[in-house]
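K.L.:
I'd like to ask you about the structure that follows.
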Amino acid sequence: MTPDFAPTLPREVALRHLVRVFEAAQLPDARSDARFLALHALALTPLDLTLRGREAIGEAGAEALERAAARRLAGEPVARIVGAWEFWGLPFALGPETLVPRPDTESVVEAALRLFPDRNRPLRLIDLGTGTGCILVALLHERPNALGIGLDRAEGALAVARRNAAENGVGGRAAFLRGSWLDALAGPFDLIVSNPPYIAAPVIATLEPEVRLHDPLAALDGGADGLDAYRAILLAIARRPGLLSAGGALVLEIGYDQGGALTHLAREMGFSDASVGRDLAGNERVVTVRPSLAGR
Ligand code: GLN
(Lines of atoms letter the chains of each structure in order from A and count residues from 1; the text may use other names and numbers.)
(Lines give C-alpha, C1' and ligand atoms only; values in the text may rest on other atoms or scores of the structure.)
Protein backbone atom coordinates (compact mmCIF):
# COMPACT_ATOMS: atom_id res chain seq x y z
CA MET A 1 0.00 0.00 0.00
CA THR A 2 1.37 3.41 -0.95
CA PRO A 3 -0.21 6.16 1.10
CA ASP A 4 -1.58 9.18 -0.74
CA PHE A 5 -0.94 12.73 0.35
CA ALA A 6 -2.95 15.53 -1.25
CA PRO A 7 -0.76 18.61 -1.97
CA THR A 8 -3.33 20.78 -0.18
CA LEU A 9 -2.92 18.91 3.14
CA PRO A 10 -1.59 21.09 5.95
CA ARG A 11 1.78 19.88 7.22
CA GLU A 12 0.46 18.92 10.66
CA VAL A 13 -2.42 16.96 9.15
CA ALA A 14 -0.04 15.16 6.79
CA LEU A 15 2.10 14.20 9.77
CA ARG A 16 -0.91 12.79 11.65
CA HIS A 17 -1.91 10.88 8.55
CA LEU A 18 1.59 9.39 8.30
CA VAL A 19 1.52 8.36 11.97
CA ARG A 20 -1.77 6.52 11.36
CA VAL A 21 -0.39 4.80 8.27
CA PHE A 22 2.66 3.60 10.22
CA GLU A 23 0.53 2.53 13.20
CA ALA A 24 -1.69 0.53 10.87
CA ALA A 25 1.46 -1.15 9.54
CA GLN A 26 2.44 -1.89 13.18
CA LEU A 27 5.78 -0.14 13.03
CA PRO A 28 7.03 -0.14 16.63
CA ASP A 29 8.13 3.52 16.52
CA ALA A 30 5.33 4.81 14.30
CA ARG A 31 5.18 8.27 15.83
CA SER A 32 8.88 9.12 15.85
CA ASP A 33 9.46 7.46 12.46
CA ALA A 34 6.68 9.61 10.99
CA ARG A 35 8.05 12.76 12.52
CA PHE A 36 11.63 12.20 11.32
CA LEU A 37 10.47 11.32 7.81
CA ALA A 38 8.02 14.22 7.57
CA LEU A 39 10.70 16.72 8.64
CA HIS A 40 13.10 15.21 6.12
CA ALA A 41 10.68 14.88 3.19
CA LEU A 42 9.28 18.37 3.67
CA ALA A 43 12.73 19.83 4.45
CA LEU A 44 11.49 21.42 7.68
CA THR A 45 13.05 22.12 11.04
CA PRO A 46 11.02 21.06 14.08
CA LEU A 47 10.32 24.75 14.62
CA ASP A 48 8.93 25.13 11.06
CA LEU A 49 6.56 22.30 11.77
CA THR A 50 5.39 23.83 15.02
CA LEU A 51 5.07 27.42 13.86
CA ARG A 52 3.94 26.84 10.28
CA GLY A 53 2.11 23.54 10.59
CA ARG A 54 -0.94 24.91 8.81
CA GLU A 55 0.85 25.54 5.52
CA ALA A 56 0.09 23.09 2.73
CA ILE A 57 2.70 20.46 1.91
CA GLY A 58 2.51 21.26 -1.83
CA GLU A 59 3.10 19.05 -4.84
CA ALA A 60 6.78 18.35 -4.20
CA GLY A 61 6.15 17.76 -0.50
CA ALA A 62 3.37 15.28 -1.23
CA GLU A 63 5.58 13.33 -3.61
CA ALA A 64 8.54 13.31 -1.21
CA LEU A 65 6.32 12.13 1.64
CA GLU A 66 4.84 9.35 -0.46
CA ARG A 67 8.29 8.17 -1.51
CA ALA A 68 9.64 8.22 2.05
CA ALA A 69 6.56 6.46 3.43
CA ALA A 70 6.75 3.75 0.78
CA ARG A 71 10.42 3.09 1.58
CA ARG A 72 9.71 2.85 5.31
CA LEU A 73 6.75 0.53 4.73
CA ALA A 74 9.05 -1.66 2.62
CA GLY A 75 11.28 -2.08 5.69
CA GLU A 76 14.01 0.46 5.13
CA PRO A 77 15.23 2.05 8.39
CA VAL A 78 14.46 5.74 8.92
CA ALA A 79 18.16 6.57 9.17
CA ARG A 80 18.82 5.11 5.71
CA ILE A 81 15.95 7.05 4.16
CA VAL A 82 17.08 10.29 5.78
CA GLY A 83 20.72 9.44 4.96
CA ALA A 84 21.93 10.72 8.31
CA TRP A 85 21.67 9.91 12.00
CA GLU A 86 22.65 11.36 15.33
CA PHE A 87 25.42 10.06 17.56
CA TRP A 88 26.76 11.70 20.72
CA GLY A 89 24.43 14.61 19.94
CA LEU A 90 26.24 15.26 16.63
CA PRO A 91 24.92 14.76 13.08
CA PHE A 92 26.46 12.01 10.94
CA ALA A 93 25.90 11.36 7.24
CA LEU A 94 25.64 7.69 6.27
CA GLY A 95 26.79 5.79 3.22
CA PRO A 96 26.18 2.34 1.78
CA GLU A 97 29.48 1.20 3.31
CA THR A 98 28.81 2.49 6.84
CA LEU A 99 26.68 1.21 9.67
CA VAL A 100 24.03 3.47 11.13
CA PRO A 101 25.63 4.67 14.39
CA ARG A 102 23.96 2.92 17.35
CA PRO A 103 23.35 4.46 20.76
CA ASP A 104 25.13 1.40 22.26
CA THR A 105 28.34 2.58 20.64
CA GLU A 106 28.30 5.72 22.78
CA SER A 107 29.48 3.37 25.57
CA VAL A 108 32.80 3.07 23.72
CA VAL A 109 33.17 6.85 23.70
CA GLU A 110 32.29 7.05 27.40
CA ALA A 111 34.78 4.33 28.36
CA ALA A 112 37.53 6.00 26.33
CA LEU A 113 36.86 9.43 27.85
CA ARG A 114 36.90 7.98 31.37
CA LEU A 115 40.41 6.64 30.75
CA PHE A 116 41.61 10.11 29.78
CA PRO A 117 39.58 12.49 31.91
CA ASP A 118 41.75 15.56 31.32
CA ARG A 119 39.86 17.41 28.58
CA ASN A 120 42.92 19.38 27.46
CA ARG A 121 45.46 16.64 27.31
CA PRO A 122 46.98 16.05 23.85
CA LEU A 123 46.09 12.54 22.73
CA ARG A 124 46.87 10.39 19.72
CA LEU A 125 43.83 8.34 18.72
CA ILE A 126 43.09 5.74 16.12
CA ASP A 127 39.69 4.29 15.23
CA LEU A 128 39.83 0.96 13.40
CA GLY A 129 36.96 0.41 10.96
CA THR A 130 35.79 3.96 11.43
CA GLY A 131 32.67 3.76 9.20
CA THR A 132 30.84 7.08 9.58
CA GLY A 133 33.71 8.20 11.83
CA CYS A 134 31.27 8.53 14.72
CA ILE A 135 33.53 7.24 17.53
CA LEU A 136 36.56 9.23 16.40
CA VAL A 137 34.62 12.44 15.74
CA ALA A 138 32.89 12.24 19.13
CA LEU A 139 36.25 11.77 20.88
CA LEU A 140 37.89 14.63 18.97
CA HIS A 141 34.88 16.78 19.82
CA GLU A 142 35.34 16.04 23.55
CA ARG A 143 39.15 16.31 23.59
CA PRO A 144 40.08 19.50 21.69
CA ASN A 145 43.84 18.82 21.75
CA ALA A 146 43.57 15.28 20.45
CA LEU A 147 44.59 14.18 16.96
CA GLY A 148 43.11 11.12 15.33
CA ILE A 149 43.28 8.68 12.47
CA GLY A 150 40.21 6.90 11.14
CA LEU A 151 41.04 3.70 9.33
CA ASP A 152 38.69 1.75 7.08
CA ARG A 153 38.95 -0.80 4.31
CA ALA A 154 36.03 0.78 2.47
CA GLU A 155 36.88 3.80 0.35
CA GLY A 156 33.23 4.89 0.44
CA ALA A 157 33.23 4.93 4.23
CA LEU A 158 36.37 7.10 4.31
CA ALA A 159 34.71 9.75 2.16
CA VAL A 160 31.68 9.79 4.47
CA ALA A 161 33.83 9.92 7.61
CA ARG A 162 35.95 12.74 6.21
CA ARG A 163 32.84 14.76 5.51
CA ASN A 164 31.43 14.04 8.99
CA ALA A 165 34.65 15.16 10.66
CA ALA A 166 34.60 18.40 8.67
CA GLU A 167 30.90 19.07 9.31
CA ASN A 168 31.43 18.56 13.03
CA GLY A 169 34.37 20.94 13.16
CA VAL A 170 37.16 18.42 13.83
CA GLY A 171 38.34 17.84 10.23
CA GLY A 172 41.62 19.66 10.90
CA ARG A 173 42.57 17.14 13.59
CA ALA A 174 41.53 13.97 11.77
CA ALA A 175 43.09 11.98 8.95
CA PHE A 176 41.27 9.16 7.22
CA LEU A 177 43.26 6.33 5.72
CA ARG A 178 42.51 3.15 3.86
CA GLY A 179 43.82 0.11 5.65
CA SER A 180 43.09 -3.12 7.39
CA TRP A 181 43.38 -3.04 11.18
CA LEU A 182 46.86 -2.01 12.30
CA ASP A 183 48.99 -3.41 9.47
CA ALA A 184 50.63 -0.30 8.12
CA LEU A 185 50.81 1.85 11.23
CA ALA A 186 53.68 2.69 13.52
CA GLY A 187 52.09 4.37 16.53
CA PRO A 188 52.39 5.01 19.33
CA PHE A 189 48.74 5.73 20.08
CA ASP A 190 47.31 6.66 23.45
CA LEU A 191 43.98 5.20 22.52
CA ILE A 192 43.03 2.57 19.96
CA VAL A 193 39.25 2.30 19.60
CA SER A 194 37.12 0.08 17.41
CA ASN A 195 33.62 -1.12 16.77
CA PRO A 196 34.66 -3.94 14.46
CA PRO A 197 32.36 -6.43 12.75
CA TYR A 198 31.50 -8.91 15.50
CA ILE A 199 28.45 -10.89 14.48
CA ALA A 200 29.21 -14.60 14.08
CA ALA A 201 28.62 -15.45 10.41
CA PRO A 202 25.89 -18.05 11.11
CA VAL A 203 23.99 -15.52 13.25
CA ILE A 204 23.73 -12.93 10.48
CA ALA A 205 20.74 -14.66 8.88
CA THR A 206 18.83 -14.25 12.17
CA LEU A 207 19.35 -10.49 12.54
CA GLU A 208 16.43 -8.07 12.17
CA PRO A 209 15.73 -7.36 8.48
CA GLU A 210 16.48 -3.66 9.06
CA VAL A 211 20.05 -4.61 9.97
CA ARG A 212 20.49 -7.67 7.76
CA LEU A 213 19.20 -6.05 4.58
CA HIS A 214 20.39 -2.48 5.05
CA ASP A 215 23.65 -2.47 6.98
CA PRO A 216 26.80 -3.44 5.04
CA LEU A 217 27.74 -7.07 5.61
CA ALA A 218 31.44 -6.20 5.84
CA ALA A 219 30.68 -4.09 8.93
CA LEU A 220 28.79 -6.94 10.64
CA ASP A 221 30.50 -10.21 9.71
CA GLY A 222 33.03 -11.18 12.36
CA GLY A 223 33.83 -14.60 10.90
CA ALA A 224 32.81 -18.07 12.09
CA ASP A 225 32.72 -17.19 15.81
CA GLY A 226 32.43 -13.39 15.48
CA LEU A 227 35.90 -12.84 16.95
CA ASP A 228 38.10 -12.57 13.84
CA ALA A 229 38.56 -8.80 14.03
CA TYR A 230 39.39 -8.90 17.75
CA ARG A 231 42.01 -11.59 17.12
CA ALA A 232 43.64 -9.48 14.40
CA ILE A 233 43.67 -6.34 16.54
CA LEU A 234 44.95 -8.02 19.72
CA LEU A 235 47.57 -9.93 17.77
CA ALA A 236 48.88 -6.76 16.14
CA ILE A 237 49.26 -5.09 19.53
CA ALA A 238 50.80 -8.19 21.12
CA ARG A 239 53.39 -8.37 18.35
CA ARG A 240 54.14 -4.67 18.32
CA PRO A 241 53.76 -3.33 21.86
CA GLY A 242 55.00 0.06 20.60
CA LEU A 243 51.62 0.63 18.94
CA LEU A 244 50.32 1.77 22.33
CA SER A 245 52.01 4.46 24.35
CA ALA A 246 52.89 3.84 28.01
CA GLY A 247 49.53 4.15 29.72
CA GLY A 248 47.76 3.65 26.40
CA ALA A 249 44.57 1.61 26.06
CA LEU A 250 42.52 -0.36 23.61
CA VAL A 251 38.73 0.12 23.84
CA LEU A 252 36.56 -2.26 21.84
CA GLU A 253 32.84 -2.54 21.32
CA ILE A 254 31.60 -6.11 21.78
CA GLY A 255 28.36 -8.01 21.33
CA TYR A 256 26.22 -8.49 24.47
CA ASP A 257 27.41 -12.10 24.84
CA GLN A 258 31.11 -11.69 24.01
CA GLY A 259 32.56 -10.28 27.25
CA GLY A 260 33.81 -13.65 28.51
CA ALA A 261 35.23 -14.70 25.15
CA LEU A 262 37.02 -11.40 24.69
CA THR A 263 38.66 -11.27 28.10
CA HIS A 264 39.69 -14.88 27.62
CA LEU A 265 41.18 -14.08 24.21
CA ALA A 266 43.01 -11.06 25.60
CA ARG A 267 44.50 -13.14 28.45
CA GLU A 268 45.55 -15.85 26.02
CA MET A 269 47.51 -13.22 24.15
CA GLY A 270 49.16 -12.07 27.33
CA PHE A 271 47.02 -9.05 28.22
CA SER A 272 46.02 -9.66 31.80
CA ASP A 273 44.31 -6.29 32.27
CA ALA A 274 41.11 -6.65 30.26
CA SER A 275 37.85 -5.41 31.75
CA VAL A 276 34.25 -5.46 30.55
CA GLY A 277 31.88 -2.49 30.73
CA ARG A 278 28.13 -2.27 30.15
CA ASP A 279 25.88 -0.09 28.01
CA LEU A 280 22.83 1.86 29.21
CA ALA A 281 20.62 -1.18 28.68
CA GLY A 282 22.84 -3.12 31.11
CA ASN A 283 24.37 -5.35 28.43
CA GLU A 284 28.09 -6.02 28.31
CA ARG A 285 29.24 -3.75 25.50
CA VAL A 286 32.84 -2.60 25.91
CA VAL A 287 36.15 -4.26 26.60
CA THR A 288 39.10 -2.16 27.74
CA VAL A 289 42.63 -3.55 27.53
CA ARG A 290 45.52 -1.72 29.18
CA PRO A 291 48.77 -3.58 28.49
CA SER A 292 51.04 -1.39 30.57
CA LEU A 293 49.07 -1.95 33.77
CA ALA A 294 50.04 -5.59 33.84
CA GLY A 295 53.71 -5.24 33.32
CA ARG A 296 53.60 -5.80 29.60
N1 GLN B 1 25.62 -3.65 16.97
C2 GLN B 1 25.46 -4.08 15.62
C3 GLN B 1 24.22 -4.93 15.50
O4 GLN B 1 24.02 -5.83 16.27
C5 GLN B 1 26.64 -4.86 15.12
C6 GLN B 1 27.76 -3.98 14.86
C7 GLN B 1 29.03 -4.72 14.65
O8 GLN B 1 29.13 -5.87 14.23
N9 GLN B 1 30.03 -4.01 14.97
O10 GLN B 1 23.42 -4.67 14.64
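Residue positions begin at 1 at the first shown residue.
Glycine is treated like the rest: Cβ placed from N, Cα and C.
Features from TrEMBL:
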- GLY129, THR130, GLY131, THR132, GLY133, ASP152, TRP181, ASN195: S-adenosyl-L-methionine binding site (BINDING)
- ASN195, PRO196, PRO197, TYR198: substrate binding site (BINDING)
- 14-83: domain 'Release factor glutamine methyltransferase N-terminal' (DOMAIN)
- 123-199: domain 'Methyltransferase small' (DOMAIN)
K.L.:
Around ligand 1, within a Cβ distance of under 6 Å, which of the binding-site residues GLY129, THR132, ASN195, PRO197, TYR198 show up?
P.N.:
ASN195, PRO197, TYR198
K.L.:
Measure the Cβ-based neighbour count of TYR198 (substrate binding site), defined as the other Cβ atoms within 10 Å of its Cβ.
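P.N.:
Its Cβ has 24 other Cβ atoms within 10 Å.
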K.L.:
Using DSSP, what's the helix, strand and coil tally for the domain 'Methyltransferase small' (123-199)?
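P.N.:
The composition, in the requested order, is 25 helix, 23 strand, 29 coil.
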K.L.:
Given the binding-site residues PRO196, PRO197, TYR198, which one's Cα is the least distant from that of GLY133 (S-adenosyl-L-methionine binding site)?
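P.N.:
So, spelling it out, the nearest of the binding-site residues is PRO196.
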K.L.:
In the same chain, outside ASN195, PRO196, PRO197, TYR198, whose C-beta lies within 8 angstroms of the Cβ mean position for the substrate site?
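P.N.:
For the substrate site, the extra neighbours are GLY129, SER194, ALA219, LEU220, GLY222, ALA229, LEU252, GLU253.
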K.L.:
If you average per-residue pLDDT over the domain 'Methyltransferase small' (123-199), what number do you get?
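P.N.:
Here the mean pLDDT over the domain 'Methyltransferase small' (123-199) amounts to 96.
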